[in-house]
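Taken from TrEMBL as is:
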- 1-22: region 'Disordered' (REGION)
- 1-12: compositional bias 'Polar residues' (COMPBIAS)
- 46-63: transmembrane segment (TRANSMEM)
- 95-114: transmembrane segment (TRANSMEM)
- 129-335: domain 'TLC' (DOMAIN)
- 135-155: transmembrane segment (TRANSMEM)
- 210-230: transmembrane segment (TRANSMEM)
- 304-327: transmembrane segment (TRANSMEM)
- 346-366: region 'Disordered' (REGION)
Amino acid sequence: MSSISAKASHGSQHTHEKPLYSSNKSIQPKVQHRKGLLGTLARHQIDAPLVAILTILGTYALFPNSFAKKFLFFQEYDPVTNTYEKSWEDMYFCLFWVTAFTFLRAAVMTYILMPMAARLGATTDRSILRFAEQGWICIYYSCFWVLGMYCIQLTPTWNNWFVWFHTDQFFDSYPLTALPVITKYYYWLQFSFWIQQMFVLCIEAPRKDFLAMISHHLVTVLLIICSFLLDVTTFGTAVFVSMDLADIVLSLGKCLKYIGMPDSICDPVFACFMFIWIYTRHFLYGHIIYAWTVYAGDFYSKTTHYTIIGLLLVLQSLMFFWLWSIFRIVYKMFASKGGVVDDRSEDEEETITAPEHVHHNTKQRR
């Protein structure tokens, strides 16, 4: 559910900056770490999580019935219905996967996506790092949007591929205290990912709309928590799939821009993204808001009912804020007769905030 981010064409304006990965030689980029605990975490996004992951996996391998089992599997399983009841012990699973996503993101970016960016034509440190960030987002959302669509189609809420949801069926199986196995894992993995995204937002160099982004992340996490507490995870799954699709196309378009693809390729991708954004984040998401507004009042108190409406509308307001940014980009594109340029980038003089393992790899390639 991320919004418009770094200016994709920014890297091409700094031809003097050498890339992290070069066929000839590479230099270490200027890196500004945050201070304190966040700075320490930023420098150790691979090694520290890996130690924790291996410790838990090793403990479980040696002692299958030990406490480590709670970090890897849900506990309240009903073999008769093939479902999991909700439990406070599910938080152990969440904690493990926040750690795992931190490791996976940093490792995939460092050892796969950054070298790929250099080979595909990214020319600066910034464009390589941004390609890796957006490549990870594209990979994650592609996998989980498909999984989410499968989960939503297991419920009576699914309608068809034009209007995805039956708005009058969201409460058909209320309360959803037990979830099918695949839905349970999908939902908690998404929750873990969004907790980890807040961590990423804190350690990355801030962008122009940092306040909007942190508000978006906080509202998203609050809605996920409320969906657990109120037993309406079908609503949460619907919100996930209606938000995630646009992020796939957006991150793909940015990756193409960072590696220097021509406007004849990037602009159609952006046009596709704009259509998907309006369709999923306003039309389909509007159906979700309507469903909660009309039907939830029969199941909850007025305070709960209107609190969730407020959170949903805050999220929609943020979507309109970014839609305005999209329209500004389109206007500038036609006014200047140039390609798509995102104006929500970091400052021109910003130094790159990167984990310690990026520097280590850079030194090895000198």
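Cβ atoms are placed via backbone N, Cα and C, with glycine included.
Keep in mind that TrEMBL annotations are predicted by a computer and have not been checked by a curator.
Listed by sequence, the residues of this chain that lie at least six past the ends of the transmembrane segment (135-155) yet keep a Cβ under 8 A from its Cβ atoms are 2, 105, 108-109, 113, 116-117, 164-165, 169, 172-173, 180, 182-183, 186-187, 189-190, 193, 234, 237-238, 240-241, 244-245, 247-248, 251-252, 255. Non-local neighbours of the transmembrane segment (95-114) in the same chain are 20-21, 45-46, 49-50, 52-53, 56, 71-72, 128-129, 131-133, 135-136, 139, 188-189, 192-193, 195-196, 199-200, 355, 357-358, 361; each lies 6+ residues outside the stretch with a CB under 8 Å from one of its CB atoms.
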